[in-house]
Amino acid sequence: MANYFNTLNLRQQLAQLGKCRFMARDEFADGASYLQGKKVVIVGCGAQGLNQGLNMRDSGLDISYALRKEAIAEKRASWRKATENGFKVGTYEELIPQADLVVNLTPDKQHSDVVRSVQPLMKDGAALGYSHGFNIVEVGEQIRKDITVVMVAPKCPGTEVREEYKRGFGVPTLIAVHPENDPKGEGMAIAKAWAAATGGHRAGVLESSFVAEVKSDLMGEQTILCGMLQAGSLLCFDKLVAEGTDPAYAEKLIQFGWETITEALKQGGITLMMDRLSNPAKLRAYALSEQLKEIMAPLFQKHMDDIISGEFSSGMMADWANDDKKLLTWREETGKTAFETAPQYEGKIGEQEYFDKGVLMIAMVKAGVELAFETMVASGIIEESAYYESLHELPLIANTIARKRLYEMNVVISDTAEYGNYLFSYACVPLLKEFMTTLQTGDLGTAIAEGAVDNAQLRDVNEAIRSHAIEQVGKKLRGYMTDMKRIAVAG
């Protein structure tokens, strides 16, 4: 099979990369009704599989789970989760032939095997759903022409999909129809109903393409979302300890610092995150972020280039075929780092202390978010898609580090994200080695001393922060989410 994106001509590639439209709330007036009375069979019962299924059932849909025979016979975790939540469970042969919509929510590396197993069993005119388009775009999976292929991609981990639904809301979601597989022209109706059934329409839905979702998703997770957090954690910890900081304190400052810093990011973007600093610290964080952007720009561009060309995917799929040798080696090495093995700090660190003593971390977040966004947009991805795949998801990933350090992050994210994370972080750490030797007192681990600030310089820095394109689109999208949340609660 050929990489689907690489079979397109340049005009088609640009059109699909640039497909992105924020959908109006009234486009979802029919809710999930298009799928009511139809049989929806989910393949896979991991975090996305279970939680999307719970939401869809609560929205009135007929949901069951198709699992492999051995998973049922051995009563594996997927079987236990589905049965304990009261779902009907059966083999592919028992459930797929009756399905109107088959939703493939297994890990990326299993998609080809799953699709090849279920496709011959699917009835004529059925639909096949994904929550990530890797199998279609990068693997180039060929789907029967009578089958409609759609995607509903919540921009959050599966647990968040469920928790937001229970609160009467949802999570921002991308939907798409594969242009090669929409024989009856009903793909968008199916995708909209599925998104509504998960609650996504209450938080904002972008009509996108399989191509735009995959290329932007891969870029975000490799760079700012996972790779930058991992590289930053290792670099900052080693720097603090080398300067004489207690390893336990250093570990806590970093482990919980990302979450604290990005909570401000979630509420008010880079502007609010920077506003949490004193004026001297803000000026220093800005200067550091500009240095970091200049150093790291070629690395971000290389990752985007390799994603666009398919080089990244072919390398990762070669590792799949080699029993994940690289992935497992990198995972083991990460687990042995000084940051991961440091003792826990029993003392308390106040919220503002994370900002005051984490100026470098804030600079890394700012530089990474802006670089990821700028690099995606320069490659033809629309700003709204680039925002969701950079700034929006960062607090969610930072939260996983707060739970159990880098181990937890790498367990929670997909194997695809984990592989890309290691590629980036293994390149980024040595790239920033010299930069780390230029840090000043107050950049990390101690607060910057109060001092005189040049008004004109502060004015210009504030303007530069607020006028960045990601701040403009972020303010708009966060406003949509806030407005929709008010409507959802009122309703």
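We count from 1, first residue shown onward.
Cβ coordinates are placed from backbone N, Cα and C, and glycine is handled just like the others.
For reference, Swiss-Prot has these:
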- 15-208: domain 'KARI N-terminal Rossmann' (DOMAIN)
- C45, G46, A47, Q48, R68, R76, S78, D108, K109, Q110, G158: NADP(+) binding site (BINDING)
- H132: active site (ACT_SITE)
- D217, E389, E393: Mg(2+) 2 binding site (BINDING)
- D217, E221: Mg(2+) 1 binding site (BINDING)
- 345-484: domain 'KARI C-terminal knotted 2' (DOMAIN)
- S414: substrate binding site (BINDING)
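Largest Cα-to-Cα span within the NADP(+)-binding set C45, G46, A47, Q48, R68, R76, S78, D108, K109, Q110, G158: 21 Å. By a simple count of nearby Cβ atoms, those within 10 Å, the most crowded of the binding-site residues S78, S414 is S78. It is 10 Å from the Cα atom of the residue listed as 'substrate binding site' to that of E221 (Mg(2+) 1 binding site). Per-site Cβ counts within 10 Å over the binding-site residues C45, A47 peak at C45.
Sequence-distant neighbours of D217 (Mg(2+) 2 binding site) (same chain, six or more apart, CB under 8 Å from its CB) are H132, A153, E389, listed in sequence order. Most Cβ neighbours within 10 Å among the binding-site residues E221, E389, E393: this distinction goes to E389. In the domain 'KARI C-terminal knotted 2' (345-484), helix, strand and coil residues by DSSP number 105 helix, 0 strand, 35 coil. Cβ packing within 10 Å was compared across the recorded positions R68, H132, and the lowest neighbour count falls to R68.
With respect to their backbone Cα atoms, E393 (Mg(2+) 2 binding site) and C45 (NADP(+) binding site) stand 23 Å from each other.
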